[in-house]
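Scroll down for the structure; my scribbles are underneath it.
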Amino acid sequence: MIMTLHTANSWFVTAMVKATSDMWLKGWDERNGGNVSLRLLPEDVAPYLAQWPANRSAPISDPLPELAGQYYIVTGTGKYFRNVQLDPAANMGVVQVAADGASVKILWGFTDGGAPTSELASHLKSHGVRQKVSNGRDRVIMHCHATNLLALTYVLDLDPANVTRALWESSTECLVVFPQGVGTMGWLVPGTDTIGDATAKAMANHTLVMWPFHGIFGTGDTLDEAFGLIDTAEKAAEVLVKVVSMGGARQTITTANLIDLAARFGVEPMAEAMAIENWRLAGK
């Protein structure tokens, strides 16, 4: 007797439901804010391919032939994370990048005629970069509107080293969790190739990239890792918001402390952030 495997019960759909639900509960993804993509391996999709009709496609605004043939599960454009758990197949889908890299074939999901996130270009460009710098290890790109990280973009000097140092000093675990620091950029219109290119460029050196007055991008090898990365940075940002509102720190984690942390946990911290003695608010 041959048993039919249902895509909705697959590990990757279940994991995406969990991640998007957690992001909604955190308050990071109001309305249709935020998007997540997970690169799937051939062995992940093999049990389901025969069930997927692949009779629709969606364009990639800037072709990425280097990603040809790759599979992704991605949240949908205009979809609310609070609804993903109610109807996963309507709110996300599995896609495969076409041979010419100019479109994706919709293999499963988006059952109401929907399409992948409007930030698909940013996701795929960042996936391409992270595959190179992590030797294929990183498989997740996660974007959300984490409240305190967003708030900090209005008050911090947005130099990457400055933002990184401010967050490192706000919670001991931060240097260990994101030793490569936080990338930043100027404000850019979302859903464009321009912001996709800028994000991918920053992703070459950082696992977190801050979009000023908008949100944060994070990466990792699993959904848990990417979520945990953003969660850690957001917790530090919350602490920093409170410290600044109380008039600023009276004592803090020192450079010597950070050196000891890096040695204990075997990480190589961002040199530019280590060189800063006093992080700055904007205009200071």
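Glycine residues also receive a Cβ, built from the backbone N, Cα and C atoms like all the rest.
Predicted automatically and left uncurated, TrEMBL annotations should be read as such.
Binding of Zn(2+) is attributed by TrEMBL to H143, H145, and the same site annotation extends, among H206, H214, to H214. When the alpha carbons of H214 (Zn(2+) binding site) and E119 (active site) are compared, the span between them is 13 angstrom.
Following the DSSP three-state reduction, the secondary structure of E119 (active site) is coil.
Spacing of E119 (active site) relative to H145 (Zn(2+) binding site) is 14 Å (Cα to Cα, whole number). Over all protein chains present, the Cβ of E119 (active site) has 24 other Cβ atoms lying within 10 Å. Counting only same-chain residues six or more apart in sequence, the Cβ atoms lying under 8 angstroms from the Cβ of H143 (Zn(2+) binding site) belong to G34, N35, V36, E119, S122, H123, G215, I216, F217, G218.
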